[in-house]
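Here's the structure we're looking at; comments come further down.
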Amino acid sequence: MQLQLISIVLILHFMEYTNCQHHGSRHRGNKQVSGVSSQGCQGGCQTCSVYNGCLTCKPKLFIHLERDGMRQIGVCLASCPNGFYGTRSPDRNDCIKCGSECDSCFNRNFCLRCRAGSYLHKGKCMESCPDGLVPSDTKKECVAACPALCDLCQNSDTCTRCVPGHFLHAGQCHHVCPDEFEPNDSMECIPTVHCEVSEWSEWGTCSRSGKTCGFKWGEETRTRKVLQNPSPMGSPCPPTSEKRECFVKKKRCKPPKGQRRGEKKKRFNLQEKVTAEARRERKREREKETIDREESENRNKTEQRRRRDQSRDAGTV
């Protein structure tokens with residue numbers, strides 16, 4: 001590479017000398033390689049040429065030669081482009097072209113990515129893969145031959161994705177998931193989850209139509225909670241409430257306080273009504289007794305008068 005730089009400088013010397021002879025405008029007393037300069041260089045150049053761009057770069061930058069017809073134009077870059085790898089030395093940092101089969105490389109003998117039609121294997125680009133490996137068009141690499149029914153695999157024993165219609169379980173592809181497993185949306189077998197419930201609570205208060213009095217037979221209820229909902233193929237949850245018939249000693253329901261006062265007043269009014277009716281009934285009975293007695297007395301008096309009249313008539317005869 002140093003020899004290449006010396007050649008470029010000599011060419012520039014010659015071109016500059018020819019240019020001076022042609023124009024006749026330069027003095028030999030001021031003769032210098034005016035085509036090579038550190039003034040006005042751009043793009044990270046440390047020294048540059050009008051005809052060939054950058055000749056040397058600032059520290060940490062790589063010089064990369066781009067072909068322009070018969071010329072090579074030097075540019076300074078922070079990293080080398082695809083198809084080139086960088087080398088560093090105390091004098092300069094250069095971008096070196098990868099091997100013809102490499103699209104990207106770590107060095108000339110170790111490819112990182114291959115050109116179309118080749119597949120990467122251990123840093124080399126191959127048109128066909130070694131025995132036991134198959135080319136991957138997605139990775140552009142030689143990969144392990146997948147087991148049967150595998151669409152993608154980690155190695156020759158472990159699948160990572162199955163062909164359509166099959167399910168992945170423990171690195172293998174199955175027509176159906178094993179017992180106690182079920183498929184998810186990604187066609188993977190996952191453990192089946194069954195419903196879990198808590199213990200039953202204590203039996204509740206015996207009641208009937210929401211009341212706890214005024215009956216002998218009622219119902220009491222107990223409940224339990226769902227601790228784990230089931231997966232689609234898991235065992236469903238059992239009932240979470242249960243009822244049974246219950247017996248209690250019948251007792252009268254006490255009305256609310258306001259209603260109790262109203263009922264008391266109602267009973268008092270009813271009692272007063274009954275009492276008044278009874279008094280009226282007794283009055284009617286007394287009046288009837290008086291009338292009956294008077295009628296009886298009148299009948300007796302009439303009978304006595306009739307008898308006296310009969311006796312008087314008989315005496316007259």
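Note: Cβ is positioned from N, Cα and C throughout, glycine not excepted.
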**Report entry** Cysteine from Cys76, Cys95 that Swiss-Prot links to Cys80 by a disulfide bond
**Finding:** Cys95
Requested in this report: Select the closest residue to Cys195 (disulfide bond) from the following disulfide-bonded residues, measuring between CA atoms: Cys57, Cys98, Cys102.
Outcome: Cys102
Requested in this report: Find the one among the recorded positions Cys45, Cys95, Asn184 whose C-alpha lies closest to that of Cys213 (disulfide bond).
Outcome: Asn184
Query raised in the report: Nearest to Cys76 (disulfide bond) in three-dimensional space, by Cα, is which of the disulfide-bonded residues Cys45, Cys102, Cys111?
Result: Cys45
Query raised in the report: By DSSP, what is the split of the repeat 'FU 2' (92-135) into helix, strand and coil residues?
Result: 0 helix, 25 strand, 19 coil
Query raised in the report: DSSP helix, strand and coil counts for the repeat 'FU 3' (139-183)?
Result: 0 helix, 24 strand, 21 coil
Requested in this report: Using all protein chains in view, find how many other C-beta atoms are within 10 Å of the C-beta of Cys195 (disulfide bond).
Outcome: 15
Query - Chain-internal residues near Cys253 (disulfide bond), provided their CB is under 8 angstroms and they sit 6+ positions away - result: Lys211, Cys213, Gly214
